[in-house]
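What follows is a short report on a single structure.
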Amino acid sequence: MVPQVLLFVLLLGFSLCFGKFPIYTIPDELGPWSPIDIHHLSCPNNLVVEDEGCTNLSEFSYMELKVGYISAIKVNGFTCTGVVTEAETYTNFVGYVTTTFKRKHFRPTPDACRAAYNWKMAGDPRYEESLHNPYPDYHWLRTVRTTKESLIIISPSVTDLDPYDKSLHSRVFPGRKCSGITVSSTYCSTNHDYTIWMPENPRPRTPCDIFTNSRGKRASNGNKTCGFVDERGLYKSLKGACRLKLCGVLGLRLMDGTWVAMQTSGETKWCPPDQLVNLHDFRSDEIEHLVVEELVKKREECLDALESIMTTKSVSFRRLSHLRKLVPGFGKAYTIFNKTLMEADAHYKSVRTWNEIIPSKGCLKVGGRCHPHVNGVFFNGLILGPDDHVLIPEMQSSLLQQHMELLESSVIPLMHPLADPSTVFKEGDEAEDFVEVHLPDVYKQISGVDLGLPNWGKYVLMTAGAMIGLVLIFSLMTWCRRANRPESKQRSFGGTGGNVSVTSQSGKVIPSWESYKSGGEIRL
């Protein structure tokens, strides 16, 4: 029995608030007490507010938020960062060209960013070519600077749309907020001076497809509408509702934090700026179905307790606790004073923490002050314990409240480099590290030879150099051939000291050169 009570309180709490769960209901307005007979006891109907007299139920259609609308209001965009790559060249006397690359930032224009984004999305090679380093120019004995502008597109960069004022929220914005995209303002500034944010969709249209039409039953009394039974079967009271626009659509914010758009006859005040609406997701719908089932089950338990009272003709504090109104709204409160059964009209409110109703020992806070007890008895089964502590049977559900809060899920969006809180920007207009991964490496290089001549002069010089080289090679080969010829003759006629015979002009064999000379002189 106790686990079912805890589950009910927990499920009921989830559907009635956003953030911390309400764990109890207690009157914030309590009328005068009057004695009654046990036959006047009744179980509250938590699905329809009978006390307002709106018992006429008629089908109608209304508009509410789509399931998961908070996660659906995402505006996809991109960031555009301007980068200037500078190539500085110096050509020395012998013609060596030294090139040094540097990068700086510049603030881009929205039109140029839109064009670069379209290039990137379409796979246009012009985008990749725009990221290349500039082709350096150089002149002999001069320093020449060549610059090239590039636009770094980083996508996606997802922002959250505030449906109340249509502003955009992201860590990439200064103060994490941008006033929004309009016809006159097509971009948002970022926390980097040389980067702007733009939406993927160039049309300045707010993506507010967050509403859906639902069917329910209107609870009315003549022309007065007190509330309605929603599509899940849970009654929603219009008491305390205020007017609130979401994405330009006028609707009502109910006391439980839900938002609906429906026709009402009465005048309703506007909501203050701090009044927000609750999340609407599949989990809340599922829990609301479970809440309806639990409300029906709790009504059956209340009827069982009431039957026991009628049968035994006796009333206990624990049995009276079953007659408490379980949802905010009008109801009855019961107690026993001096063995007399008492009843009072009450308007119940939700309690999110026990400190709201038990601020100090022995104090049960009702209507802004400590409610007096009669011999340790309050109402609805609430009593004062022997140690002067207020005893509430459902207080043990607070242990499960902490457990349920741990089960709340959160969505971690893509971390844009500008949204990283650890990012530290450099001083001046020096290029940041987050753009380097999108650009070619810059390095210092020595390449090329330049003698200060025009292009045709370079070709003439190269041709002349080639011809001179050929002449030098030919001359060298000729010199080497001439140098080798005398050496070979000396080896042929010098001999090694032995006799060498030659033939004279007369055909006579002469044993040596000297004999040949002698013979010649004799003949003469």
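Heads up, residue numbers simply count up from 1 along the chain you see.
Keep in mind that glycine also has a Cβ here, set from the backbone N, Cα and C atoms.
Pulled from Swiss-Prot, these are the features on record:
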type     : residues  : note
SIGNAL   : 1-19      : signal peptide
TOPO_DOM : 20-459    : topological domain 'Virion surface'
DISULFID : C43-C302  : disulfide bond
DISULFID : C54-C226  : disulfide bond
CARBOHYD : N56       : N-linked glycosylation site
DISULFID : C80-C113  : disulfide bond
DISULFID : C178-C188 : disulfide bond
DISULFID : C208-C247 : disulfide bond
CARBOHYD : N223      : N-linked glycosylation site
DISULFID : C242-C271 : disulfide bond
CARBOHYD : N338      : N-linked glycosylation site
DISULFID : C363-C370 : disulfide bond
TRANSMEM : 460-480   : transmembrane segment
LIPID    : C480      : S-palmitoyl cysteine
TOPO_DOM : 481-524   : topological domain 'Intravirion'
REGION   : 487-506   : region 'Disordered'
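Structure coloured by features recorded in Swiss-Prot.
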residue: C43; record: disulfide bond; Cβ within 10 Å: 18
residue: C54; record: disulfide bond; Cβ within 10 Å: 22
residue: N56; record: N-linked glycosylation site; Cβ within 10 Å: 14
residue: C113; record: disulfide bond; Cβ within 10 Å: 24
residue: C188; record: disulfide bond; Cβ within 10 Å: 23
residue: N223; record: N-linked glycosylation site; Cβ within 10 Å: 7
residue: C247; record: disulfide bond; Cβ within 10 Å: 18
residue: C271; record: disulfide bond; Cβ within 10 Å: 18
residue: N338; record: N-linked glycosylation site; Cβ within 10 Å: 8
residue: C363; record: disulfide bond; Cβ within 10 Å: 14
If you count Cβ atoms within 10 Å of the Cβ of C226 (disulfide bond), leaving out that atom itself, what do you get?
24
Provide, as an integer number of angstrom, the distance between the C-alpha atoms of C80 (disulfide bond) and C188 (disulfide bond).
11
Using C-alpha atoms only, work out the spacing between C271 (disulfide bond) and C188 (disulfide bond) and round it to an integer in Å.
29
Once the chains shown are all counted, how many other Cβ atoms turn up within 10 Å of the Cβ of C370 (disulfide bond)?
15
DSSP three-state assignment for C242 (disulfide bond):
strand
List nothing but the one residue from C80, C178, C242, C302 whose Cβ has the fewest other Cβ atoms within 10 Å; the candidates are the disulfide-bonded residues.
C242
Top Cα neighbour of C480 (S-palmitoyl cysteine) in the set of recorded positions C54, N56, C113, C188, C242:
C113
When DSSP is mapped onto helix/strand/coil, what comes out for C302 (disulfide bond)?
helix
C363 (disulfide bond) and N223 (N-linked glycosylation site), distance between Cα atoms, whole Å:
42
Sort C113 (disulfide bond) into helix, strand or coil using the DSSP assignment.
helix
Between the Cα atoms of C178 (disulfide bond) and N56 (N-linked glycosylation site), find the distance and write it as a whole number of Å.
47
